[in-house]
């Protein structure tokens, strides 16, 4: 046996602990060990045999302790058939000896407390007395027992080097962490490299290849099979050798093996192989390209998630810029990746590699990043949307649109359905990022002080933390046992406070998500929490429905002060910029200012008095002051109550300004910009507004949310603001971009005429202008200003008619702008209006339960009055007949010439919500709030079929063109298709699994229309959907920016579709051919 000097030195080190111990115990053992040393030095076989015999003779019943053994023949030298306690990083060394083996697994990762305990034993201090650096050192040791023990040994010898060793760990300067008298290795890098040196020569390069792995990433075997071009069994054999020597860790999850490195091993490999890293990354990308096409990865492949998450990282690290751009600018890759992992990681990659992607084309990079950011709430949901259809909604100059158009044309040839949004160039999307972190309403969201993170909370009882730029999730915490109402970052960003309906206040570590404190002193739900602005003396204020405010010092277990004074729920609280005052808002109608130091009330402002009038006694009026916000200089405070904003002078308490938002909804939240005079206001009717508080003028409307907006908040620098809503989304808006936006939007009451190649739309906007819009060219003619509640076009586009909120009915002749006004109007708001086919008669219905038939050229009137409640709507029949339906549950057939009822059908016990007439004019349908639909013959007063099965109000119905089918839609988003002849259910549309609490159609189904061949059906609800009538399956979904679509207007050839969403956005869609 030949041993090098280096090998001899290593052997002697291994033996020194045992040798020293045995020397103290017995001089005979000393002689044995000396003989063993001679054996190791001279390699004489007879020495080994004789010394082993002597060990067996004298120490047969002993426990022999061998520490840090690497070579099996060292163990064999001590094999005297006694019990051996062995420590090793290579468990294969025991293969050289016989006898039973018992493995005591040692955790590879020490927890924080265990690490501190070990460190305290080394430095002979109590754990509680360890300096602050000890916590940081344990964090940097990444749970490695090897590193903790080495640092502990060094600190025993050099107790003043806490800062030094922490700095070296942080900077990955492993060579500078030098040998301690207690430890075997010259430096930390040697302690780690010794394991690598003991590898067989033929597998060392494979271990070097692992330098490209990221921390905390478990890599499937298949990835390394691709990297090394080997069979699974060959790869596993190599990796097992690394695992045996503690160079790699294996997570065995069923049949699948996943491998990972300790963080410090990653740092060590990167440092050691720094000059090879680019080539190593290039190697794995090249191997991937050899085996796969990026978008062909299948979810059932073991390694697909790894490639989706890290392929771009490897390309960037390999400086393969061309390949990276081709990958990131591919709609196929975007589609495949977002379907599996959502959009946030992709957005992160666009931000991370922006400097590379911009080299290719910064505009293209911006196209894709904006596409992902603004559709993130859709791309992260189930069922996954058709990404090609989403791409077709992008501007025509966008690379996303161009790729989507190309793919769509190819797929249309194979029977797919796609829609072009032909008037989209007039639409501006003002949101910068839309995320959907929660599964229910989002009550509150806030920025971290550095503006890099956002925390949010809501009905799902969780606290979510994500990156402000990309929406990438950082933390998800099951925070409370009930709805979480508010959350707040501390000024130093170390903590996040949450408060809940469960009456508890909790403090969390903002980086780890660890629970720091639980405060349980409020007796009712806690509505608001807010930290002081100065991090040197951190206080938390909480406001509760128990009428109290409390101040908490995070260094104490109990509250510091309780503030009494409000007589009803305290909804909101905010510290002044200098932290000297705390403002609170209450359902008792007051704003109070408190001295933070003494916790005494400084001032009380009665906001309720500004709503008083002589007709309503003060004691009968409820004024809930919802929230408040300080100006940046702390001299003014803004307060929201009902639909008004008040601005008060702090010193005098005087009213400086009062703003009436002009909405019927209430203000939910308001926030002052930290940089200027702007304020952002959230309203319960889905809208967000920006106001100039100096001029008291509205600057902009921000439309995008689909339900109540609960919270608005500016970023610390005021450049952006966030909004959170019942629609489960959080939106980020750029302040400057929003301020430049026009606030003109359409109401949903429109009329459409399809004429040859033209689409003409008559609409009214939010500033009371009637607009005539050419759908193909985008030209807009502003016709007249009026209080319009409904409008319609004559068949040949010669006239328009409109009804008013005051009951008036008017006609405008387009050629010369002449106006004709009905002498006898309605008594209440006009809801529906329609010309007869010849354009000579105008029919209108109203909330006054009447229908007016006006021959406007002869000034003749016929009134149809018999309904006991509001007329829901009407349809014209042939032979001067009219069918109407009402909230009174009846359907009536009228003669519009005589005004007499010809048939009176008592259809439902509840409101009749819709009717349709079969194209063969023999039948009609009725649907109701009683959750049923019925098919009727005009000849019979009892229904032919009663259609049951809907679980919500049946809101709409439509016959197929051949009169053989009837489709019905309900408030649960469900569509049913029935056989008209026998009433049999043929299909239940939308039989898809959706997230809990989500309607299958995004809301009520409000309108339906069959294609001429009765093979397709389009439906309107939360968005638009097209269905295959034969199979009942969805053919396409068009996601509108808003929701709550009331009606879908369809051309006779079923190729053009027009609707308006609740944000006032007009959609003119054309089937792609």
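Placement of Cβ uses the backbone N, Cα and C atoms for every residue, glycine included.
Feature annotations, courtesy of TrEMBL:
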type: DOMAIN; residues: 54-128; note: domain 'NB-ARC'
type: DOMAIN; residues: 202-269; note: domain 'Apoptotic protease-activating factor 1 winged-helix'
type: DOMAIN; residues: 277-411; note: domain 'APAF-1 helical'
type: REPEAT; residues: 435-476; note: repeat 'WD'
type: REPEAT; residues: 477-518; note: repeat 'WD'
type: REPEAT; residues: 519-562; note: repeat 'WD'
type: REPEAT; residues: 563-604; note: repeat 'WD'
type: REPEAT; residues: 702-734; note: repeat 'WD'
type: REPEAT; residues: 823-864; note: repeat 'WD'
type: REPEAT; residues: 864-904; note: repeat 'WD'
type: REPEAT; residues: 905-939; note: repeat 'WD'
type: REPEAT; residues: 947-988; note: repeat 'WD'
Looking only at the repeat 'WD' (563-604), what are its DSSP counts of helix, strand and coil residues?
-> 0 helix, 23 strand, 19 coil
Just give the helix, strand and coil counts over the repeat 'WD' (905-939), going by DSSP.
-> 0 helix, 19 strand, 16 coil
Contact set, same chain, for the repeat 'WD' (702-734): CB under 8 Å, 6 or more residues outside the stretch | 377, 429-447, 449-451, 454, 456, 458, 468, 668-676, 678, 680-690, 741, 745, 1022, 1041-1044, 1062-1065
Beyond a gap of at least 6 residues from its ends, the CB atoms lying under 8 Å from the repeat 'WD' (435-476) belong to 343-345, 347-348, 350-351, 373, 376-377, 380-381, 482-493, 496, 498, 500, 508, 510, 513, 707-708, 710-711, 713-717, 722-730, 732, 995-997
The correct DSSP tally for the repeat 'WD' (823-864) reads 0 helix, 23 strand, 19 coil
DSSP assigns the residues of the domain 'APAF-1 helical' (277-411) as 104 helix, 0 strand, 31 coil
For the repeat 'WD' (702-734), provide the mean pLDDT of the predicted model.
-> 91
